[in-house]
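Written below as structure tokens is the structure these notes are about.
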Amino acid sequence: MAPKYAPNLRSRLAPLLLFLQTGFIVICFSNINLKDSQLLGYPLSEFQDVNVMVVAGFGFLGTFLVRYGFSGSGFNLLVAVIATQWSIILNGYESWIQSRRILIDLKSLVFTNPVQLILIAILEVSGFILNGWLLQTFFEVKPLYCAMQLHTFGAFFGLMLTWVMRRKGSETPFEKEKMDHKTGLFSMFGTLFLWMFWASLNSILVDEGERKLRIILSTYLALAVSAVAAAAVSVFTSPRGRINLDHIQKCSLSGGVAIGVSMSLVHRPWVAMTIGLAAGVISTLSLRYLKGHMLLAFGCHDTCGVLSVHGLPGLLGWLAHLTLQINHMVDRTTAIRFAVFHICTLLITLSLSMSMGVITGLLVKWSFWRPPQDRKCFDDQAFWEVSNQHS
């Protein structure tokens, strides 16, 4: 049951932000030194592309709720800058790209205040870096593959976190959990930014050359086909035979997620297009049918469809990577060993992400953090100064 008082951010958010930022500065001053030689050849143009995705893409994408536009865009920026600095401290400045993508599961956490969001981001970044360290240390997994596991890690982390933080009576949608014409248009801008720059996101950790160009092309084809598939399935599953904007906003990106996990083994355009088609179909069907059943069965408010857009396409990409790798192997014994190895990496990622989600949920569920009341969920008035016209 939510507390029956309005949250006051002055005594919690301001001290936490100042404490964290001061701590980050002190740690960087004493431990981190950036040499000019380390930046030679660094893809600064792709840095700009990914930065646009994080700030503008995810920022606009989070404005689709009728009364949650300030929070969707403002908290997006706040969490992004905190997560980036923490990731740099834990894993070096090369890991900024990983922390920038940690936002994928935080949009669905409407039962939280900004203090809880910051704590969740710090714990999730820590868990993801720990997952990468485990895979690289004990399984000698390449850093690129570890980074691309973020979609799966973030989705199931957020899913378990949302399940732990469910409230009594949350089995039905909230009154303000909806989109109107204006907020839908703003949110579509976010999708367009993400769609245009997703190829840079997938290729930024790859060295320049033919391989990088192939990944960019494969990502574009997968995104294009997933957008077509999302539109087609949306029409087929609509009782009135019309396109659902929510499907286009979210499921058009599923091809980029799926190809990102398997891109190192995609050498032909038709393979990338097939992966994009499967991702678009699975994502749209899941968003149409699975999202509602999850709410009724588990009380999970997956408001942004993170499981449908990132979780399931991430698993599809993992399966495609496994299938393509085995197809290239001649020796059956080697193929079986690789399959076992590949399954173990997925199980470790899922186990750690879900465990971290449960632990984080239990920590931030305490009433000490003063989460918003039920009637203030999906409402900017709980945390922002708004005009009378907005309220």
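Cβ coordinates are placed from backbone N, Cα and C, and glycine is handled just like the others.
Since the structure is predicted, the reported quantities are computational estimates derived from the model, not experimental observations.
According to TrEMBL, the transmembrane segment annotation covers 12-32 (among others).
Taken from TrEMBL, the feature domain 'Ammonium transporter AmtB-like' applies to 16-366.
The feature transmembrane segment is assigned by TrEMBL to 52-70 (among others).
The transmembrane segment annotation in TrEMBL covers 77-97 (among others).
The transmembrane segment feature in TrEMBL is assigned to 117-135 (among others).
According to TrEMBL, the feature transmembrane segment maps to 144-165 (among others).
Look at TrEMBL and you will find 185-205 (among others) tagged as transmembrane segment.
The transmembrane segment annotation in TrEMBL covers 217-236 (among others).
The transmembrane segment annotation in TrEMBL covers 270-287 (among others).
According to TrEMBL, the feature transmembrane segment maps to 339-364 (among others).
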State the non-local partners of the transmembrane segment (117-135) in its own chain: residues 6+ outside its ends, Cβ under 8 Å from one of its Cβ atoms.
16-17, 20, 75, 78-79, 82-83, 86-87, 90-91, 95, 98-99, 102, 105-106, 109, 141, 143, 145-147, 149-150, 153-154, 157, 161, 345, 348-349, 352-353, 356, 359-360, 363-364, 369
Are the transmembrane segment (339-364) and the transmembrane segment (144-165) close enough to be called in contact, which here means at least 3 C-beta pairs under 8 A that are separated by 6 or more residues?
yes
For the transmembrane segment (185-205), could you work out the same-chain residues 6 or more beyond its ends whose Cβ comes under 8 Å from its Cβ atoms?
43, 45-47, 49-50, 52-53, 56-64, 69, 97, 101, 143-144, 147-148, 179, 212, 215-216, 219-220, 223, 227, 245, 248-250, 252-253, 256, 259-260, 263
